[in-house]
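Feature annotation from Swiss-Prot assigns heme b b562 binding site to HIS82, HIS183. For HIS96, HIS197, the entry in Swiss-Prot reads heme b b566 binding site. The feature transmembrane segment is assigned by Swiss-Prot to 32-52, 85-105, 116-136, 151-171, 179-199, 225-245, 289-309, 324-344, 350-370, with sequence analysis given as support.
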Amino acid sequence: MPTRKSNTYLSLVNSYLIDSPQPSSINYWWNLGSLLGLCLVIQIASGVFLAMHYSSNIELAFDSVEHIMRDVNAGWLIRYIHANGASFFFICMYLHIGKALYYGSYKQPRVMLWVIGVVIFILTMAIAFMGYCLVYGQMSHWGATVITNLLSAIPFIGNDIVPFIWGGFSVSNPTIQRFFALHFLLPFILAALVCMHLMALHVHGSSNPVGITGNIDRLPMHPYFIFKDLITVFVFLLIFSLFVFYSPNTLGHPDNYIPGNPMVTPPSIVPEWYLLPFYAILRSIPDKLGGVIAMFGAILILLSLPYTDRSIIRGNSFKVLSKLAFYLFVFNFILLGNLGQLHVEVPYIQLGQFATAYYFAHYIIVVPVISTLENILYYIGTQTRVK
């Protein structure tokens, strides 16, 4: 028996990365998992180096970032890798979720895999928000103020929670210091959740585009899918490098190059682009508590999909109506992202409310109705064929 199978530790690596049997039909959308793993490694590595030079004191936070940019050897590179790495992390994550929605990866027997994935998504957004606050530019300060203030909408205890999180009566030194401590700690918890995600995946294996069991035809992970993953890794690194070296501030906000000033409010307060769809949902509800519930509900409603999708066939590869509904949902989500960065004025308010209503309707009405209708059509088709 080879050492990779007999050794206790190497056998674990072997079962995940070498001999792991994968369905032969999986396409390039299945490469996003390895890209997300790469993003996490890049973020943790660059973050550790940034933490060596960053000061979490509110008086020094902005200046310490400028010190990293100007005085630390290759500090500009580490900072831009970390800042753009966050954006690329979310690009890959949204594509990964989109793949799961399209191919029905959330259906039985992979519900636990899906639940852990949603928890990872929520934790990643929390980590990204706290990291954005640490720069302590104008948008960091006001973004932190607005988002943390949302907790004041919680009945009875909300007004006590907000100063508890701030450590004072506004976003101040204790806020930035505790955000820094959590921003450093939580990625390691995220890495543990990723390991749990892989363990849950390992129980039943990957799904596939066809939507049937992959046991009919499987191939070992190495060398076939390792080399297939390497193709997208190199493409990812090429595009990532283009942003880091040639357009590092495109995905950021120019106001964050102005030191945070509690006395000057920016014309519009917007979070980073990857949080904009949920920010648009928050703003589209006039009531504060209703907006907060809608925003968190928009994320947690992902957990309902294994139960609201009644289809007997996994995935949308052979389902015309489900494909149409999926592409409408994607368009609506992109529309919400655009609305989140626009001023709250006449055409955008109503448009945001319609987009929010459709977002929830997709999960609650569209998916159950279309999946049931397609089941009926499938049954009629099979009965006709039998006759």
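Numbers here mean position along the shown chain, with the first residue as 1.
Keep in mind that glycine also has a Cβ here, set from the backbone N, Cα and C atoms.
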Interface-richest range of 116-136, 151-171, 324-344, 350-370 toward the transmembrane segment (179-199), CB pairs under 8 Å: 116-136
Intrachain C-beta neighbours of HIS197 (heme b b566 binding site), sequence separation six or more, cut-off 8 angstroms: LEU113, ILE116, GLY117, ILE120
Beyond the flanks of the transmembrane segment (289-309) by at least 6 residues, Cβ under 8 Å: 97, 101, 104, 106-108, 111, 114-115, 118, 121-122, 125, 150-151, 153-155, 277-279, 281-283, 356, 359-360, 363-364, 367-368, 371
Residues of the parent chain within Cβ reach of the transmembrane segment (32-52), under 8 Å, 6 or more residues beyond its termini: 68, 78-79, 81-82, 85-86, 88-89, 92-93, 95-96, 99, 131, 180, 183-184, 187-188, 190-191, 194, 229, 232-233, 236
Range from 85-105, 116-136, 151-171, 324-344, 350-370 with the greatest count of C-beta pairs under 8 A to the transmembrane segment (225-245): 85-105
Inter-residue C-alpha distance, HIS96 (heme b b566 binding site) and HIS82 (heme b b562 binding site) (nearest angstrom): 20
Recorded stretch, among 116-136, 151-171, 324-344, maximising Cβ pairs under 8 Å relative to the transmembrane segment (350-370): 324-344
For the transmembrane segment (324-344), distant same-chain residues with Cβ under 8 A (at least six beyond the ends): 98, 101-102, 267-268, 270-271, 273, 275-281, 283-284, 316, 351-352, 355-356, 358-359, 362, 366-367, 370
Secondary structure of HIS197 (heme b b566 binding site) (DSSP, helix/strand/coil): helix
Three-class DSSP secondary structure - HIS183 (heme b b562 binding site): helix
Residues near HIS183 (heme b b562 binding site) in space but at least six apart in sequence (CB under 8 A): GLY47, ILE127, MET130, GLY131, LEU134
Cβ neighbour count within 10 Å of HIS96 (heme b b566 binding site): 21
Spatial neighbours of the transmembrane segment (116-136) far in sequence, C-beta under 8 Å, 6+ residues away: 47, 54, 56, 58, 61-62, 65, 86, 89-90, 93, 97, 100, 143-144, 147, 171, 175-176, 179-180, 182-183, 186-187, 189-190, 193-194, 196-197, 200, 256, 259-260, 271-272, 274-275, 278, 299-300, 302-303
